[in-house]
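Here is what Swiss-Prot says about this protein:
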ACT_SITE  GLU89  active site, proton acceptor
DOMAIN    95-322  domain 'Radical SAM core'
DISULFID  CYS102-CYS333  disulfide bond
BINDING   CYS109, CYS113, CYS116  [4Fe-4S] cluster binding site
BINDING   GLY159, GLU160, SER191, SER214, LEU215, HIS216, ASN290  S-adenosyl-L-methionine binding site
ACT_SITE  CYS333  active site, S-methylcysteine intermediate
Amino acid sequence: MAASHALKPILELLPEELPGEGYRRAQIAHWLYAKGARDFSEMTDLPKALREALAREWRLSEFSLVQAFPSQDGSVKYLFTLLDGKKTEAVYMPYENRKTVCLSTMVGCPAGCTFCATGALGFGRNLTAAEILDQLLTIAYHQGLSPREIRNVVLMGMGEPLLNLRNVLKAVRIMLHKKALALSPRRVTLSTVGIPKGIYRLAEEDLGVRLALSLHAPDDETRRKIIPTAHRYPIAEIMEAVRHYHAKTKRRVTFEYTLLKGVNDHLWQARLLAKLLKGLSAHVNLIPFNPWEGAPVVGTPRAGVLAFAEELKRLGVPTSIRWSRGQDVGAACGQLALKVPRPLTLTPLPGGAGR
C-alpha cells in the first residue's frame with residue numbers, strides 16, 4: 001500500500017490505546033515492539049479480518065524513504081524522508097555490551113549553536129511521537145534486531161527536545177512502557193540546550209530519564225558567542241532548574257561541553273566550570289569539535305582537550321572525553337546536516353509507510 005496521510009499513525013498510541021480488545025492490543029504491541037513487524041500481514045496470530053481492518057485505517061511507518069550510510073567504525077547514519085518530503089536523521093552505534101541509537105526530535109534546530117551543522121539548517125518543524133519512535137524501529141529492522149535489543153536511547157540528534165516536549169514525552173512514555181520497548185529510564189538520555197521551563201516540566205513528569213545539558217561554557221558572555229539563543233536563559237536560571245531536576249529525580253546530570261579553540265578551552269574556564277558544578281551530582285562530557293563544511297569555529301587540539309580534562313579531574317569533577325563515532329559519514333556529534341556522504345553507496349530500505 002502506498003504511503004498515505006489518510007492513514008492514522010499507530011505508533012502514536014500507547015499499548016492500552018491500540019485498536020481491538022484487551023488481549024488483541026497486547027498481541028499488536030508485541031508484534032510492533034518485540035518482533036518489529038513492518039506490515040500488518042506479518043501479525044499472523046491476529047484474525048485476517050482484523051489485520052485487513054488495521055491496514056485500512058492505520059500506518060506502520062512514518063517514512064517514504066530510508067537511506068543508510070555505514071561508517072568504518074561500525075556506526076550507521078540514517079537519513080529519513082518523512083511523508084511530507086522533509087528529512088531528518090538518526091545514528092546507530094553498536095558497542096560490545098550495548099546497542100545505542102541517537103534519535104532526532106525535529107527537522108533542523110532553532111538553537112543555532114555555532115559548532116553544530118544542524119543549527120546552520122535552521123528550524124523545519126517538530127517531529128511527531130510516531131516519527132521519533134519509528135527511527136528506532138526502522139533502525140532495528142535494518143540491523144536485523146528486535147526493537148527491544150536496542151537498550152540505549154539518546155535524544156541528541158536534530159532538534160531541541162524541550163521545545164517539542166509534548167511529542168517527546170509521548171514517545172518516551174512508549175519507550176518506557178513494559179508492553180512496548182520496555183526501556184529502563186536510566187537508559188534514556190534527553191539532551192537540551194537549557195530550557196528552564198522544560199526542565200521543570202520534565203522533572204514533574206517523573207519519568208526518571210537522564211538529563212544532559214549542552215552547556216559549552218561556564219559563563220554567559222562566552223556561552224552567548226557559542227549559542228546565539230543563550231541570551232534568553234542565563235546560566236544561573238538554567239542551573240537552578242537543573243538542580244531541581246537532580247533533587248527530584250536523584251539522577252546524575254551530564255554536562256556536554258564542546259571544546260573550541262580560543263573560545264571556551266582556557267584552563268580558567270575549566271576552573272569556573274568546576275565551581276559552577278560544585279555540590280551537584282554531575283559528570284562532564286568533553287566533546288572534541290567535529291568539523292563540517294562552512295563551520296565558523298575551530299576545534300581545540302587534542303593536547304588542549306586532554307589538558308582541560310585533567311584540570312577538571314584535578315578539581316574533583318568526574319570527566320570523560322567523548323571521541324565521536326561516524327565522523328567519516330557526517331554522523332558525529334554536531335555533524336547532522338542532511339548531507340549525503342560520498343563516495344559511500346546509499347542503502348535504501350524496503351518500502352515506506354503502509355508496508
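Using N, Cα and C of the backbone, Cβ positions are placed for all residues, glycine too.
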Would you list, in sequence order, the recorded positions among CYS102, GLY159, GLU160, SER191, ASN290 whose CA lies within 10 Å of the CA of CYS109 ([4Fe-4S] cluster binding site)? GLY159, GLU160
Rounded to the nearest Å - Cα separation of CYS102 (disulfide bond) and HIS216 (S-adenosyl-L-methionine binding site): 20
The rounded CA-CA distance in Å from ASN290 (S-adenosyl-L-methionine binding site) to the residue listed as 'active site, proton acceptor' is 17
Measure from the CA atom of CYS116 ([4Fe-4S] cluster binding site) to the CA atom of GLU160 (S-adenosyl-L-methionine binding site) and give the result in Å, rounded to a whole number. 12
In whole Å, note down how far the CA of LEU215 (S-adenosyl-L-methionine binding site) lies from the CA of the residue listed as 'active site, proton acceptor'. 23
